[in-house]
Amino acid sequence: MGKESERVKAWLDDHSDSARSYFNRSPRYWLNGCVERAQAVQTLITEPRSSRRRVSHPMCGPSRGLVHPATMERPHSCFSLHQIDNPESLDHYEGLSPQSLQSTHFPFSPCVSRSKCLPHSLSSSNPAGQCRRGESCNFMMRLVGGLSRPLQVKNLCLQVLQHLCEITQAQRCCLSMTTVDKTGVKCLGPVFQSDEESVYGYTQAEWYKCIMGYVVSTGRPLNIRDACEDPRFQIEPYERGEDRPKSILSVPILNHKKEVIGVIMAVNKSRPGSCFSEQDEKVLLSHMMLFGLILENSQLCESSEQESKRNQVLLELAQLVSHDYPSVDDMLSKMAAIILPVTKAQYCTVFISDDNSTGAFSRMVHIEDTNGSVQCSTRDCDTSDTSYMYAVHVQNSMETLNIANRPAQISKVSQIKSLIGTPLRGKQRGNVIGVCQLVNKRNMARSETEVFSRADELLLEDFAVYCALGLQKFNTQQKADKTRARLAVTKEVLSYQISASQEEIHDLEESIIPSADALCLLDFGFSDFNISQAAMTQAVVRMFLDLNLPQHFNIEYKTLCQWVLSIRKCYRNNVVYHNWSHALCTAQCMFAMLQTKDLQSNFSSLEVLALMIACLSHDLDHRGVNNSYIERSNQPLAQLYGHSSLEHHHYDMCLLILNNPGSQILSSLSLKEYRACVQMIEKNILATDLAIYIERRTKFFKLAQNNSCLWKDEGHRELLRSMLMTASDICAITKPWPVQKQ
């Protein structure tokens, strides 16, 4: 920067060790370029100091340092200053800026609390004149290399401001960092002041924004002798005459890329009647060159630390969302307990809306952190409450809101000093299911309230995503619980409907069961056309008795009778073929085949029990149509099961009856036997799907023709059981012609 560049080079020549030490310690890649430039400057050491010609920089000369007001245009329109950010912002290139609901509010964010006192180790021990003579500034060098870690941006700015007041002999100095709003427009953040104690700092006037904005937009220093007489700036009348700005000196802060990242402004010389000189301007410029590097490095360190905390918070929130909770309050309180300590908010409020709410929200959940203990309560929404109005605004705008009320606006009714709110978005675009708010950011050290930063906004937006996921998961879980409850009620009603009456059970239990020969159960030409309903149920009981199943598995006789009657009741009478009569014929054919010597000696009793239960249950609740029709008509059964829809439904109905109180004929089986039996029943019923039979018949006939069926091979036994099920299912085509025709 002209002669200031020569000034820096001279300083680097005299303090090369300190400069190199600083650059080597910095963790950021851009400092490597600075080191290279510093090493290049070393070549100037061999040149005589007198041979270095200083070039007058136009921005620092008298012609630009003290400009007559009439020669410059009014700079109000040269820079957009309608949005803000917090001084602790982690990245001044990010952009969602808080906005107030009331356009009449001062557009700058209230500043955080400031302390006039510097740490003793950092206070300048040298007279102010040392900095002014171009010699090394011990204060700035301590900031460069005398700290074990960079200061926070807020503390760094406040300390530098007070040092600048000392060396320039200014009444007060102020500083503002640049940021970028959502539209990509560069704007100023909140203003630090060296003499400001107020938490909110609304003493900043319009001329602050105008002058500092002009310097940022042009990148040039500005030195004004008398601001009150300058027609370009509107100086508002102050109650105290000593607060009226007169002489003003403002210079930009540059980063390593020579981009403007902030602005410093000194107001009023301490000595009455004097104004800022060209030397003051040079001093500020020389300090800001180094301060820009220090500030950027501090911001990078803060950003890294904050990002680490943010990642930890998001990880904990993700773990919490995966859990199940008895209530929404319990879920939100645990999630809020994670974000409240990080953002230092006094309390968190979640407004929830649903389809049944008449207003904007149905209810609100208030979570407050009191001395490390989280208190949660559910309240009705008060439409006259200030936070409710802010929540409605966020819901309508669907954008994050960051506001800070002036001290004069804080009343006994509303104690909201600072607030950020963001919408909870649903699955569909444009659907807002609630609003989350954080209220009153606290400064634990000073027991004061601060402004929520851009980092707090980002964290709240992430928190809102997990809140929305948690609410949707909870609602889905509630719907699932209600669905399960409805299913349980439906099964209870169905259980009653499929249960036989006590009179029917008693009649079957007391009746004399005819023999198998009397009922022609061993004849493959068996026909049930001339048999009564009572005789049909007696025939089933006879088959179980002759196979010794009740004796072998300790099945109570009454339980067997009730189970048989329940099976008969679950077949639809209006179905022409796949009815109770078809189930009896299928079971009779299986019974007749099981009486043959080879099958009887090779099948276990458990296999026989599974085959008989499967035959009687294989078409339960049949609708009279096939799987293809069910799939093409997109019936609920097809949506529920996908393939073999009817067979899966028959199996489910079979289990329903087997588990129905009074019909539990498998209750005496061990757990291992029960699982094996139920598994075989399922495979046997699914085998009645002719599509499955077509797939297996080739393998079966090949084994039969080659006489290679092995009884010890479980796969061969299962294949044989499947073929027996198909044979029994279609046995009607083997009946004598008169029976087959009918």
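Glycine is treated like the rest: Cβ placed from N, Cα and C.
Feature annotations, reproduced from TrEMBL:
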type	residues	note
ACT_SITE	His578	active site, proton donor
BINDING	His582, His618, Asp619, Asp729	Zn(2+) 1 binding site
BINDING	Asp619	Zn(2+) 2 binding site
DOMAIN	501-742	domain 'PDEase'
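Counting Cβ atoms from all protein chains shown, His578 (active site, proton donor) has 22 others lying within 10 Å of its own Cβ. Of all the Cβ atoms in the protein chains shown, 26 others lie within 10 Å of the Cβ of Asp619 (Zn(2+) 1 binding site). The binding-site residues considered are His582, His618; of these, His582 has the fewest other C-beta atoms within 10 angstroms of its C-beta.
Less than 8 angstroms from the CB of Asp729 (Zn(2+) 1 binding site) sit Thr586, His618, Thr688, each of them six or more residues away in the same chain. Comparing His578 (active site, proton donor) with Asp619 (Zn(2+) 1 binding site), their Cα atoms are 6 Å apart once rounded. For the domain 'PDEase' (501-742), the model gives a mean pLDDT of 93. Of the chain residues outside the Zn(2+) 1 site list His582, His618, Asp619, Asp729, His578, Ala583, Thr586, Cys615, His622, Thr688 have their Cβ within 8 Å of the site's Cβ mean position.
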